[in-house]
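Asker: First the structure, which I've put down as structure tokens, then a few questions once you've had a look.
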Amino acid sequence: MQQPKTRARPLAPDDRRASLVDAARRALLDHRTMVSTRVIAEYAGIAEGTIFRVFDTKDDLIQAVIDKAFDPTDFIDAVGAIPADLPLRERLYGMVALYQDRFAGMFGLMAALGMTAPPRRDADDPEMRRQITEMMHRIFGDDVDRFRVSPERVMQTLRMLSFGGVNPLLCGNDRMDPHFIVDLVLDGISTEPSRHQGGLSC
């Protein structure tokens with residue numbers, strides 16, 4: 001005998017908003033184009049009208065999705081959760097994988113929404129710069145002295161390769177593996193010894 005359906009437990013306003021933003025993001029990435037509020041409601045498991053108890057318009061919901069996708073806070077928190085006692089190489093594998101997931105989500109969202117450029121953000125936000133600097137020092141830890149270039153240059157290189165490695169205009173469907181990116185940065189690509197310094201055994 002089929003059990004009667006019970007109503008889902010009501011969510012707090014902030015949780016409901018976050019749930020809708022996540023549902024809309026997943027719907028956009030899956031369909032790769034703009035979707036209706038009906039589809040978003042199906043992804044969220046709610047009635048379509050519930051959306052408009054949280055957001056005044058569909059445009060407001062889509063803007064919230066964009067804001068969330070391009071806000072680095074969740075990414076910084078995820079990198080901060082990588083265990084600091086792992087070897088450097090393992091820490092960087094984890095960070096690059098997170099970078100790639102973040103960039104891939106951005107590219108997918110931009111394609112679905114027909115965006116030709118990411119939204120403009122204040123790159124000089126002192127608080128955000130502080131958080132990113134702290135993230136960099138934490139992920140490198142005491143191994144920072146093993147680089148022959150600045151930690152900022154190492155981070156920039158990893159970020160650029162992570163970006164290019166999932167950019168469909170650059171790599172198509174051949175997504176660059178995080179292990180390859182990190183090994184390339186730490187060890188180089190030549191079979192001949194470097195005239196500067198060998199790879200890092202880390």
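Here the Cβ of each residue, glycine as well, is placed from N, Cα and C on the backbone.
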Asker: Need the matching range: TrEMBL marks DNA-binding region on one of 36-55, 76-95, and I'd like to know which.
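Answerer: Checking TrEMBL against the ranges 36-55, 76-95, the DNA-binding region one is 36-55.
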Asker: Quickly jot the same-chain residues contacting the DNA-binding region (36-55) by Cβ under 8 Å, restricted to those at least six beyond its ends, or write none.
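Answerer: 8, 13, 16-17, 19-20, 23-24, 26-27, 61, 64.
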Asker: Can you tell me how the residues of the domain 'HTH tetR-type' (14-73) break down into helix, strand and coil by DSSP?
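Answerer: So the domain 'HTH tetR-type' (14-73) is made up of 47 helix, 0 strand, 13 coil.
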